[in-house]
Structure formats: C-alpha cells, structure tokens
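Annotation source TrEMBL lists domain 'PDEase' at 167-408. The active site, proton donor feature in TrEMBL is assigned to His268. The annotation Zn(2+) 1 binding site is assigned in TrEMBL to His272, His308, Asp309. The Zn(2+) 2 binding site annotation in TrEMBL covers Asp309.
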Amino acid sequence: MGSASSSYRVIHLDVDGRIQKVVFSRFCSPCDIKELFCTALGVPRNTNLSLLDSSGAMVSIDPTMPHNTERLPYRVVPMTGGQLADKEELFQNVLTQVAEQFSRAFKINELKTEVTNRLAMLEKRVELEGMKVVEIDKCRKDIKKLREEMASRNNSNFLEDTKKLTPRRDVPSYPKYMLSEQTIDALKKPAFDVWLWEANEYHLSKETVKALRLPTFDAWQWEPNEMLSCLEHMYHDLGLVKEFNINPITLKRWLLCIHDNYKNNPFHNFRHCFCVTQMMYSMICLCSLQEKFTQVEILILMTAAVCHDLDHPGFNNTYQVNAKTELAVRYNDISPLENHHCAVAFQIFSQPDCNIFSNFDPEAFKLIRQGTITLILATDMARHGEILDSFKQKVDKLTTQMKSTSPV
C-alpha cells in the first residue's frame with residue numbers, strides 16, 4: 001500500500017524572484033489548481049494564467065503537470081487584456097457557429113433534451129471563461145431564441161398526419177404499367193448485393209462478380225409508380241389475389257397507403273421496402289418455396305417484407321433507447337422500431353378499404369397477424385445472432401436426420 005503523500009503533488013513557482021512551494025491533491029480540478037496559483041501570485045482568482053517552464057514552453061495547469069524542483073521552478077504569467085479579448089472573440093465565434101449548426105440540424109422532438117443539456121453547458125463555459133457581462137447577456141438571448149425555435153419545431157409526434165392512414169378513394173391514382181416479359185423475368189432474379197453476399201463466402205471480389213455477368217435485378221432504375229405496379233404484379237403472379245379472393249382495388253389502395261407511410265429517409269424509405277420485397281419474391285421463385293410452404297405462409301412472407309420498416313423515423317433502436325424517445329418509452333426499450341412498424345401496419349389493415357385480409361375468418365386472420373408480427377420483430381439486428389444460431393441448429397438437426405434415414 002502506498003503512502004498518503006502519494007496523493008499530493010508539489011509544484012515550485014517563481015513569484016517575483018522568490019520560490020513559492022505549492023502543494024495540492026492529485027484529485028484537485030484544473031480550476032482549483034489555477035485558483036491556488038492565483039493566490040500564490042497575489043492576483044484575483046478569476047485571472048487567466050499562463051504557466052511556463054525553464055525553456056519557455058507552456059505547461060498545462062492540471063493535476064498531471066510534470067513535477068519540477070526548486071532549481072527549475074515554473075514561471076506564472078497573468079494573461080494580458082489583449083489576449084483575453086482574443087479569447088473572448090474566439091469563444092463568441094465558436095458559440096455562434098454551434099448555434100447555427102443546432103438551428104439547421106436538429107428538428108425533431110427526440111433531440112430536445114440533448115440540445116438543452118448542451119446549451120446549458122455552453123452557458124456555463126461562457127461564464128467560466130470570463131466573458132464580459134454584455135456578451136454573456138447577448139449569448140443568453142441567442143440561446144433563448146434558439147430554444148424557442150426548437151420548441152416551435154418540436155410539437156410533432158409519430159403519425160401526426162392522420163391523413164396518411166386514410167385510404168385513397170381515387171384509385172387507381174398511379175398509372176397501370178404493362179410490364180414487359182423482360183421486366184417480369186428480371187423481377188424473379190436477386191439484386192446485385194445478394195450475389196455479393198454469396199460471393200463473399202468464396203472470397204470473390206466485387207469486380208469478379210461483375211465480370212461473371214450474373215443475372216441480377218436493378219432496383220434503382222424504377223420510379224415510385226413503377227415500383228407500386230411491380231409489387232401489385234408480385235401478389236397476382238404468386239396467385240395470392242386469386243387464392244384469397246383479394247379485391248384488386250383494395251390491393252391498390254393498400255399499396256398506396258404503404259407508400260405514403262414510408263418516410264423520405266436516406267435508407268429506410270419506400271425503395272428499401274421495394275428492394276426487400278423483391279428479394280423475398282425472387283427467393284420464393286428461385287427456391288420453389290410455393291412447393292414447400294402453404295399459400296398463407298407465402299402471403300405472410302410477402303406482407304411482412306412490404307411492412308417491415310413502415311414509418312421508420314431514420315434513427316436506430318440504440319438511439320431510441322439512449323434518447324428515451326416516445327417509442328422507447330412506449331415499448332419499454334424492447335425493439336421499439338420493429339414494434340412500431342407492426343403497429344402502423346395493422347393500423348392500416350384496420351381501415352376496411354385497405355384490408356387485404358377482409359375475406360379471412362377471425363382465426364385465420366389471427367394466424368396471419370401473429371406470423372407477420374413474428375417476422376417483422378425478427379428484423380431487429382440485436383436478435384440476429386440469436387436467430388442465426390437457432391437456424392444453424394435446426395439445419396444441423398435436419399442434416400443429421402436426413403443422413404440417418406438415407407439408404408446406404
């Protein structure tokens with residue numbers, strides 16, 4: 001065990017030609033040490049100081065500053081008025097830039113608490129750095145104005161626009177495209193990214209995959225109306241409309257309502273919905289899943305893909321939980337986004353003109369609802385490892401069973 005003296009630091013200062021010994025705890029804050037140096041120097045406590053070693057180099061005033069001796073004391077120099085003025089101007093410019101950045105960037109209610117805390121810290125820093133009273137007052141007014149701007153912008157909640165959930169009656173409001181045979185065939189092929197994932201298992205580069213000229217589907221060349229027509233075609237082509245007697249106009253209204261409830265995010269937008277659904281459709285076709293799954297299971301797979309990111313706010317679950325947003329509080333920090341996507345999906349289905357499941361009896365609808373919710377909740381990447389491990393165990397078990405029953 002070390003001695004108690006190890007908890008203290010000894011620094012020697014040159015004060016007008018005499019050596020002043022200063023002792024302080026290593027747990028002191030830089031502000032406490034500076035005030036101690038001011039007392040030793042005989043100047044006001046709020047005076048800004050510069051600490052110089054024997055070579056004239058500046059030394060940081062904090063508990064970790066290098067130890068010195070009486071023969072090599074530190075020289076303490078009070079900062080001049082001109083230096084303070086430059087520092088004040090620098091802080092004013094930084095504060096103005098920060099205020100402008102906050103004003104432009106933060107527009108949603110979930111960040112209000114974080115912004116308020118940062119502004120409070122800025123206020124404290126401004127006062128501690130010894131700015132003039134007039135400048136402090138001006139900064140406070142700027143901060144107050146910024147807070148009022150934030151308050152005026154943060155009165156919105158998720159799904160505040162109730163019109164989004166109201167089905168359109170002017171159907172068809174998007175033109176009915178006659179899909180060419182080439183387009184119909186392309187829809188059944190995986191996107192380029194899927195080939196990349198597969199190629200990664202064999203350590204093939206992106207350039208090699210391109211050179212192979214594998215058949216792919218380009219999801220980036222389609223306009224929203226064209227994507228809606230493609231989605232409509234998938235439900236018809238898989239026989240879901242005919243099998244379950246889905247009203248074609250209801251299908252159109254539902255797809256339009258889905259489109260309206262995807263936000264214009266950089267990633268989690270309607271095009272992402274289309275990409276995921278097209279990938280599901282291509283897997284169903286290429287793997288002949290209709291021979292292995294029931295039509296109800298195919299309907300659940302397709303519908304979950306369409307709905308899996310509805311009304312995504314653009315910030316992930318980690319942010320929702322850490323910022324204590326409305327969604328995190330509502331769903332007790334358990335997959336808040338995925339639970340929200342499910343809720344919005346079935347809010348839309350609750351509208352008679354958008355309910356593609358209207359011809360199912362209550363028990364069948366309950367099965368579809370449960371299956372859709374299970375699939376959407378499984379898109380929470382926090383559960384990816386758990387789900388993948390379970391899948392691998394089932395594959396291993398199935399492989400073992402197949403080997404044991406196969407003829408020798």
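Note that Cβ sites are derived from N, Cα and C of the backbone, with glycine treated the same way.
When other Cβ atoms within 10 Å of the Cβ of the residue listed as 'active site, proton donor' are tallied across all protein chains shown, the result is 22. Taking the mean position of the Cβ atoms of His272, His308, Asp309 as the Zn(2+) 1 site, the remaining same-chain residues with a Cβ inside 8 Å of that point are Tyr262, His268, Cys273, Val276, Leu310, His312, His341, Thr379. Of the recorded residues, His268 (active site, proton donor) and Asp309 (Zn(2+) 1 binding site) place their C-alpha atoms 7 Å from one another. Listed in sequence order, Cys273, Val276, His341, Leu375, Ile376, Thr379 are the same-chain residues six or more apart from His308 (Zn(2+) 1 binding site) with CB atoms under 8 A from its CB. His272 (Zn(2+) 1 binding site) has a Cβ environment of 17 other Cβ atoms inside 10 Å. Under a cutoff of 8 A between CB atoms, and with a sequence separation of 6+ in the same chain, the neighbours of Asp309 (Zn(2+) 1 binding site) are Tyr262, His268, His272, Cys273, Val276, His341, Thr379.
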